Amino acid sequence: MGGGRKRGRTQRRHFKQGRENVWKHNPQRPPAGEGGEGREGNPSWQPFATENPAFEEYYKEQQIIPEEEWDDFMSMLRKPLPSTFRINASCQFFQDICSQLENDFRKSLETEVSDEHEEDAIRPLPWYPGNLAWHLNFSRMQLRRNQALESFHEFLKRENEVGNITRQEAVSMVPPLFLNVQPDHHILDMCAAPGSKTFQLLEMIHQSTKPALLPSALVVANDVDVQRCNLLIHQTKRMCTANLIVTNHEAQNFPGCNLAKFCSETCMDEAKLQRLEFDRVLCDVPCSGDGTVRKAPDMWRKWNAGMGNGLHRLQVEIAMRGMGLLKVGGRMVYSTCSMNPVENEAVVAEILRRCGDSVELLDISSELPELVCRPGLSTWKVRDRGSWFGVHEDIPRYRKSVISPSMFPSGKGSQDVEVNTDVVDADMKDSTDMGEEGEQERNTAIDDSNNGDSAKTEEKTEVDCESGEALTRYKKLNFTSTRTEHSDYPLHRCMRIVPHDQNSGAFFIAVLRKHSPLNEIQVVDGVKSEQSISKDKTGKLEEDLGSDKVSSEENIVPQQVVDNTNAVDGEQNGDMDSKSSKDKSSEDAKVIVKETEKAQAGTRDRRQQNQGHLVTRNPDTSHVKRIYYVSKSVQDVLELNIKVGERLKITSLGLKIFERQSSKEGSPCTFRLSSEGLPLLLPYITKQILYASAIDFQHLLQYRTIKFPDFVDAKFGEEASALLPGCCVVVLREGHQDIGSIATDPSAIAIVCWKGKTNLCVMLSPLDGEELLERISLRFGLKFPKLDKEKPNQEVTGSDEQPDCATEADDQPESKASDMEIPDAEA
């Protein structure tokens, strides 16, 4: 047990190190531009080598692009990746941001164009709907170093931090677009961290509803690593959504929550959710990541052919589990940031082979007509230990436990695999049934799969294998198979994005539709033809690969995925998940749900909210610190999860709307409003609410604490002093004719404040306040002077008027998500 925990910690440390952007964090190798400039004052500095002969040989042989384009392809791979970002269309100020980009920055930066292939400094991505995604003709390093870009860089950082934009690689934005998300969909993001695609999915479901109304859709974002879950929570917290659940599971073993397995039909309420299924599944799997070489140039040094081979089985298992969780009629997107056909077309072909007529590979080439992409490959080879193989039959017998038939275009194996079926079945059981010798043999084979084309093969084998026979077995083959195969599946419907087509990274996308329930025999037959990798080997496998996407999955566990979730809901896997979930959840960490009354449908559309619920993480209401609001769709999943024994390990959910408060002056209310939840509650607030002029609203944001007599509008100061002590709301009156309708207007701008004995104090982070000032000035054409740092009444620290918990940092996005974890992720 202790050894397993140690391995897990080691893997997570390695994953974190592997995820670091080497351009930014490696002090010995600072970023170099195209001209190769180095760090000043460091004569020993050498730029990253953008050469790897094995890489070039591999992809030339795979013929991923025509030979005449090879030089253009390689030239683009060696250039830094331009920055891109996406505007959050569901944010309050997205129209203002679009206008600012189009009318201000686009013109002011036009003299900074530095690439002969680009005409504009910044431009919308032509294929992204609504001109919401933008391409910059600057790398991240140029943004940091170029003084002329300083104001634009500050704009990007500020807007990204508050959630108005998301800085994300262009090709990474593509997979969610092909999901064709609808307002009522349940969506699963299987390998979600760090969260950019999850955030994009949340934008879609909120954008598809009327302003200020909650969507009925649901997003479940999953990741295997707890630390990456925290990163995911921090990323999605900027969205302020009540429609998200973050879970912590191995994607290939994501639990099936089927109520029929846990209670009789007589006790089942047909009006309630019976089984957790999804209308859409995003399966962006862990991969070798060689498509990201432009932003992670250390990939040139680390890359070898064994990386893709070592991940193939895991990718198939995750994709098959996603297909099992998908509703009939639903759509799943399989994607990687790899160019390797073993990780791409081979996985898709295996899905189609296992699922038969139940699943169709869709042709989606016309859905984003301005996105330049290439068709998928129908033929490829597998490279192993320095040799090329076109068919699985040519693989030496002792390597067939490592190089599986599904890696090849036909997916057909040889007699050797069929003979060893019983051995494979034994491997799928508990490892204790195998004996020490069998386990050691599998260790050797699996470790060896990661050596790829290493020139030190024999030396490596001497470490791993004790016998002379083993040394002979694992020497380099230096063999080239003359036979090749073509896949019978329509793999040309897959999409390959290559860097030199639209100055981007590389990506692979396949869209599949489920037409009927999966046949258990089909899926189990597919599993039997593969030798699953045990958990004990995964640490070595992923440590050798050392890629960013590998860190999305920690363990590789055998499973049999079927549509009715028999394999995952059965005793073997079911007990595993149920036990870990119960160990994780203590009595004081369970989700406590309190149903709120259904919002009354009034005369104003904004008040016609869906039924929602309040949740806390503490069963003792006297010790509750925060109260969260969840949508009806989230509540249904919570209730189902309780009924099936808490199989889902939930790390975060809900929108924080209330926080416990304490004040030296006392307050009639135990809780105060949270800034995140204010837009949701504003239409229902009738007391403790004020309407300020633009100048007084500006002063509040600038100076943060203002005494009542100091307001420009004397009447406003009198109204503020007349409020009860404690939490209140101040709404900007500018631009509204009828004060009575401001609160129900989706465009209303409001902030949470604290009414003290002599003053009014803003309960908003400085960053959010700065952003709000910027937006107000642009929207209403107001000129706000810079903050006078010498003004005496701007200081709020230590004020006896403040509640003890009400510092401006309370509403800031946090670097960890401990306040939203339900239950504690470290339990």
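Each residue, glycine too, has its Cβ placed from N, Cα and C.
Some features that TrEMBL has for this protein:
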ACT_SITE  Cys337  active site, nucleophile
BINDING   Cys191, Ala192, Ala193, Pro194, Gly195, Ser196, Lys197, Asp223, Asp284  S-adenosyl-L-methionine binding site
COMPBIAS  1-16  compositional bias 'Basic residues'
COMPBIAS  533-552  compositional bias 'Basic and acidic residues'
COMPBIAS  553-567  compositional bias 'Polar residues'
COMPBIAS  576-608  compositional bias 'Basic and acidic residues'
COMPBIAS  801-812  compositional bias 'Acidic residues'
DOMAIN    73-515  domain 'SAM-dependent MTase RsmB/NOP-type'
REGION    1-49  region 'Disordered'
REGION    429-464  region 'Disordered'
REGION    526-617  region 'Disordered'
REGION    790-827  region 'Disordered'
My understanding is the cutoff is Cβ-Cβ under 8 Å with a sequence separation of 6 or more in the same chain; which residues meet that for Gly195 (S-adenosyl-L-methionine binding site)?
Ala221, Leu231, Leu232, Ile233, His234, Gln235, Thr236
Distance [Cα-Cα, Å, rounded] between Asp284 (S-adenosyl-L-methionine binding site) and Cys337 (active site, nucleophile):
9
Cβ atoms near Cys191 (S-adenosyl-L-methionine binding site) (within 10 Å, other residues, all chains):
25
About how far apart, in whole Å, are the alpha carbons (Cα) of Ala193 (S-adenosyl-L-methionine binding site) and Cys337 (active site, nucleophile)?
14
Suppose we draw a 10 Å sphere around the Cβ of Asp284 (S-adenosyl-L-methionine binding site). How many other Cβ atoms does it contain, all chains included?
25
Just to verify a number: CA distance, Cys337 (active site, nucleophile) to Lys197 (S-adenosyl-L-methionine binding site), in angstrom, no decimals.
13
